[in-house]
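Have a look at the structure below, then the notes.
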């Protein structure tokens, strides 16, 4: 649509003292196409036609005889004689990004070196869809951002007047200037938007002038301090830099070290620093001074940053005001505080003050009397100097002296670090601009929404009107006394006096001894012999299993699962019939042996595969085939000895087998010995089966039958073990547990019905319990397998009256057992029927109890089933009076029980709650969540990781589902090569079985020494720059520390204590406990939504792109003169695989032995991609012969290097 418009054609010159503002008028006569020019007297403007060709939108003309005019300035209009007042172009107020031009001028305030936007955010704005970004030429030079960098990012560098005349939205650091003929306010477009620091209370004339231009002004200093607005909080960003720079300025002025030292010349005490006002600037100053070695004292509670806590005594008052800003304290408090400051000034060397009250002069906290009490040479840094200063002797903008004390009153501390401050301010202002989108607009659209809390808080003028300040949020309510943490509550509950504690211990010992006495009196020696074996084996197992490394809990379950395959030994006692079984008991025995060997073979293969994943390239070479020697010697010797008489060979075999199985579990105490433990377990099972064959005394035909069954079962087990992936490990282990359970059922039934005439009560009771435990294990494991494999809904199946059903089933088991014990000896059919009924009831019970448990509790279910399989072996051992089965069963039962206990403690739940109760309802307490989530991108995440020093990655089952471990391993390798300390934090219940996440990371070649358990790393989050949470929720939920929450008392990883937290999730769904996670809404938390694998790959690509421009250096320091540079380059090229860019001589070194001068050389070469991976950057220093160094690098890069330093080579 054509409109009449007034067009600004004259330019705006750079500020020059004494310059004259020029008015140039162009008249376009429609129809003639002629451009007439008339210029008034001027010496400042040089390009009168620029605005014709550079507009943010096309100029539309009405075909009528009127002239179209636009004046250069409201200050000096020179209208043509025949001009009439015409309608103007509607002022800019809102629109799509594609029609909006962003302008960034150079800051004109004296001494200001910052720029409002960086090239990185220029690219971001253009990517978001803005039409153009205009940068004034040279705007970023003093902040180390060149015009070429802006142009490469997509911006257009223009002169100053084009920025002001064409920009729809103007981004600045300082407020627009209003003085003189070169006023920036008068140069902006009518109706434009300006975003900058403004300080409207102090700069009322500026605000009024902006309103007269019908412009919209946002003050970055007025952004409300709420959680959602943290990313826009430019005041905090600048305060952070000011606090850092304050310490550096103080150190530069102070005449001594900040850190203490002990030298030969004497001891140097550390500098003492007092920080008043530990807000953002104060905390930054504390952290900086602490890193420099000073002793810091502060008014606020900042011990976590290394400061000593000093407290105002006698008066308690909260200094938090409305909107997150400080408030004026009471007279009584100030008097007490001033006394405290006076006492401190007498002791400290440096004082840093940061106290400000919005809209008011800075409070005077350091009086001249205090300065007089300070030691000569002391320093005061007044960060409130621009507002009048906290020190009475402060001279704003200058370094002054008072009674020998230096008072630094610089008002431009952030500008003294222009690159960093510009980067942070650019991030703040860009994110604020992109947030100005109305809620009803789905497209990329800019508009002012006065209903938005952040917009309303920051806006100062709108459509020519000055808006009153938005009401600040109410001050925080007086906090009640904080509730005790669950840990403290538990400690208080269980705290016992020494008398109570020792009395309980004595009572336990007494109960155990009297129980043993009662058993000895009322039972047979046969039973007591088995109880003796069971008790000792359980005690040994208890000590051994607690020594297993938490990272190896998955291999522990796998190897115990393999050892539990010795349940088939019971089947050996039932087998018979020649080459094929002839009776039902013999058939049941044969099936038991077949299933047992599936378990043995599959379990050991899976264990070996898992343990091989933990192998590191630097681990010493292993020779597992050597273990065939003791196995062959024992097997051959056993067979030979048995041919000449048995004697005590069977018990000797049982002893060897038991000891080797115990040693196998103890080998899992570390990754270095775990593979050896697996080999010992294999030999132990082999020895036990060989001794059992000798004890049974099979015929040749039956032995052939056994060999066939063992071969078939072993082959099937090996196939299963080799096909399984680490992600599918939990369901495979559950399936193998079912095999053990079914084998125990078959063996127990076959043993009873095959020997009905000679059954003792112990035999019958043990057989019945074996059927009961084995049946529950069988169907329970099948349900666990189906849930973990997603072949069955993971939701709990709550049958009506399920507890009544389970109780009835248990009562039926007890009743059937009574009938079995009474009638089985004389009526074999009734005994068989009772056993079959017992099996059916146990199958049903296994289903009903396991199906009622949710999928997230399956890790506990698996460990409980692991314990059940062990107790089934114990029942077999009692039934057959077999000490080997009793010992092995006790080891496995104790192992599963301990793992179940560990998992339950990690969830702060009891085993009965897991198996029969489910998670507690969340209605116990309501947690009010404040704030909004902050989204991030993979590129921003990569930037944060690359700039961090310490990174912790928390992984959970979501990583396993997404199979993101490979991408994680790749970008972790890149970060570690850059010198960043990256570690992993694993919660005990992470994954779907104990230790699964450890195995997954090991599979992706993550070094196991950087994968730490919760107790090992929880105290390190305070010193962590970035915590990356991948696929975890409840295990990092701080609500667990709140009394009355659904997961109260559950040990969690304290990820929220990190300086920055990035959480990867598909959406905002809660975890298994179905409780909200407040960490998602914290100011230091950002959410990265999407598939974890896709996000991790995106981070990997972003890091590779970021590291693409890096060069690497190799420093070789030999003990003999280095050959020519040409030879050196050739050697490095052959060694590294790429030619160096340059080689330059460095400093001379003297060989301490030969006193010969040695030349050190530094070689740079470009980063190369080798085998699809980033070739890391190294700085290698090696004192040795150059040829030896080259040979060493060829064989094993970095293995024998004395020192490795990593860093970017400029």
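Every residue, even glycine, has its Cβ placed from backbone N, Cα and C.
Pulled from TrEMBL, these are the features on record:
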REGION    72-94  region 'Disordered'
DOMAIN    103-242  domain 'Alanine dehydrogenase/pyridine nucleotide transhydrogenase N-terminal'
TRANSMEM  526-546  transmembrane segment
TRANSMEM  558-580  transmembrane segment
TRANSMEM  586-605  transmembrane segment
TRANSMEM  625-643  transmembrane segment
TRANSMEM  649-668  transmembrane segment
TRANSMEM  680-697  transmembrane segment
TRANSMEM  703-721  transmembrane segment
TRANSMEM  733-753  transmembrane segment
TRANSMEM  765-786  transmembrane segment
TRANSMEM  830-848  transmembrane segment
TRANSMEM  860-878  transmembrane segment
TRANSMEM  884-906  transmembrane segment
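Below 8 angstroms of C-beta separation, residues 741, 745, 748-749, 752-753, 756, 767-768, 771-783, 799, 802, 805-806, 809-810, 812-813, 816-817, 819-820, 823-824 of the same chain, each at least six residues beyond the ends of the transmembrane segment (830-848), sit close to that stretch. For the transmembrane segment (860-878), same-chain residues at least 6 beyond its ends with a Cβ under 8 Å from one of its own Cβ atoms are 527, 530, 533-534, 557, 560-561, 564, 566-567, 569-570, 730, 733-734, 737, 740-741, 744, 747-748, 762, 765-767, 769-770, 773-774, 776-777, 780-781, 784, 850, 853, 884-897, 899-900, 903-904, 907, 911, 914-915, 992-994. With a threshold of 8 Å between CB atoms, the same-chain residues lying at least 6 positions outside the transmembrane segment (733-753) that come near it are 557-558, 561, 564-565, 567-568, 570-571, 573-574, 584-589, 591-592, 595-596, 598-599, 602-603, 606, 759, 763-764, 766-768, 770-771, 773-782, 784-785, 788, 824, 828, 831-832, 835-836, 839, 842, 846, 858, 862, 865-866, 868-869, 872-873, 875-876, 879-880, 993. Among 625-643, 649-668, 680-697, 703-721, 884-906, 703-721 has the largest number of CB pairs under 8 A with the transmembrane segment (586-605). Over the domain 'Alanine dehydrogenase/pyridine nucleotide transhydrogenase N-terminal' (103-242) the predicted model carries a mean pLDDT of 90. Most Cβ pairs under 8 Å to the transmembrane segment (884-906), among the stretches 526-546, 625-643, 649-668, 680-697, belong to 526-546. Contact between the transmembrane segment (625-643) and the transmembrane segment (649-668) is supported by 3 or more Cβ pairs under 8 Å, counting only residues 6 or more apart in sequence. Sequence-remote contacts of a segment are chain residues at least 6 beyond its ends whose Cβ falls under 8 Å from one of its Cβ atoms, and for the transmembrane segment (649-668) they are 537, 540-541, 544-545, 547-549, 552, 555-556, 559-560, 563, 634, 638, 641-642, 674, 676-678, 680-681, 683-685, 687-688, 690-692, 694-695, 882-884, 887-888, 891, 895. Helix, strand and coil residue tallies for the domain 'Alanine dehydrogenase/pyridine nucleotide transhydrogenase N-terminal' (103-242), in that order: 57 helix, 21 strand, 62 coil [DSSP].
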